[in-house]
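Novice: Before I ask anything, let me first share the structure, which is written out below as structure tokens.
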Amino acid sequence: MKVAVTGAAGQIGYSLLFRLASGSLLGPDRPIELRLLEIEPALKALEGVVMELDDCAFPGLAGVEIGSDPEKIFDGVNLALLVGARPRGPGMERGDLLEANGAIFTAQGKALNSVAADDIRIGVTGNPANTNALIAMSNAPDIPQERFSALTRLDHNRAISQLARKTGAPVTDVKHMTIWGNHSATQYPDVFHAEVGGRNAAEVVDDQSWIENDFIPTVAKRGAAIIEARGSSSAASAASATIDAARDWLLGSATDDWVSMAVVSDGSYDVPEGLISSFPVTTSAGDWTIVQGLDIDDFSRVRIDASTAELAEERDAVRELGLI
Ligand code: NAX
């Protein structure tokens, strides 16, 4: 399998590449070839990372290619993990950020459209992840829309961990967690459909104030808390979630569980059609299906609507910029 990683010389890349090469994605018996995309000024640093990959002598690493031309790097790839993005610099307005990322994700969408393998799956980690995925998808008309997703698995994993800690249960006892909406502070981590040890999580917690004033903001603002503590943004956990998401997408989610993925909305749960929004999904052999039939009460409705309204605003902004 040929796996492309963009932003490969960045922080997340430094963790992600070694996990991919050691077999965390498909298991140690299925060799992968890495195709690493970076901007020109970062290629030297990337060469150093490749030297380290060599020095690990990973048995499952079939080859590594690096470069700054997406048409070359994406040629024949089966999975593209789009991690590289332009961070918000000093004095940059939101519109500037969308525009700078728009340039990256239009070019990468077009390149994937023309050279990726027929079975390509694309996972976007680089922020603003949902809208970057929308831009790439809109610029790749020959790739089926369901092949694009944006990462909310880190938020999902954070929510599981917080709930496990609160209830004293192991993380493996927490199932059916859902992140709805945007990978941003408006995201809605939903415990009302989650279970702890087979029981409804909200009932096990039995503390509405904790859910509202502790759990939801802790999960939604976890990225900022990590920056505050570490001096730089989540990297190893983001790499781990990127792999969890891709692995489950390709190999399937557990039969008694679901995962959160931002995928193109078909209007389910009144999320406007066409937005890339996070839903509860089950996955199997590279396909995902939105879990249907969950009751959404008023508490959840307001929060899902607020996050999808933000996504609609981002979509409108990139539409105005002519990026989609
Ligand atoms: P870094 O700034 O360390 O690395 C980004 C890398 O991308 C840099 O090496 C840069 O040269 C490269 N890059 C920029 N433009 C590129 C282009 N056109 N083609 C190829 N490479 C390009 O950031 P890092 O900490 O690795 O984070 C990467 C992205 O992930 C950021 O946008 C960040 O906001 C986002 N995150 C997303 C998360 C999620 O859950 N969806 C969580 C973690 C992280 O915040």
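Residue numbers in this text run from 1 along the chain shown.
Every residue, even glycine, has its Cβ placed from backbone N, Cα and C.
Keep in mind that TrEMBL annotations are predicted by a computer and have not been checked by a curator.
When I checked TrEMBL for this same protein, it listed these features:
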- 1-145: domain 'Lactate/malate dehydrogenase N-terminal' (DOMAIN)
- Gly7, Ala8, Ala9, Gly10, Gln11, Ile12, Gly13, Asn101, Gln108, Thr125, Gly126, Asn127: NAD(+) binding site (BINDING)
- Arg88, Arg94, Asn127, Arg158: substrate binding site (BINDING)
- 152-318: domain 'Lactate/malate dehydrogenase C-terminal' (DOMAIN)
- His183: active site, proton acceptor (ACT_SITE)
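Surface or core, plus neighbours and distances: that's what I need for these features.
Specialist: When the domain 'Lactate/malate dehydrogenase N-terminal' (1-145) is classified with DSSP, helix, strand and coil residues number 65 helix, 26 strand, 54 coil.
In sequence order, Asn127, Pro128, Ala129, Asn130, Ala150, Leu151, Thr152, Asp155, Ala262, Ser278 are the residues near His183 (active site, proton acceptor), counting only same-chain partners six or more apart with C-beta under 8 A.
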Novice: Neighbour count first, Cβ atoms within 10 Å, every protein chain included; then name which of Arg88, Arg94, Arg158 tops the list of binding-site residues.
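Specialist: By the 10 Å Cβ neighbour count, Arg158 comes out on top.
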Novice: Look up His183 (active site, proton acceptor) in the DSSP assignment and reduce it to helix, strand or coil.
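Specialist: In the DSSP reduction, His183 (active site, proton acceptor) maps to coil.
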Novice: On a C-alpha basis, identify the one among Arg88, Arg94, Arg158 that is nearest to Gly126 (NAD(+) binding site); the candidates are the binding-site residues.
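Specialist: Looking at Cα distances from Gly126 (NAD(+) binding site), the smallest one goes to Arg88.
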Novice: In this predicted model, what is the average pLDDT of the domain 'Lactate/malate dehydrogenase N-terminal' (1-145)?
Specialist: 96
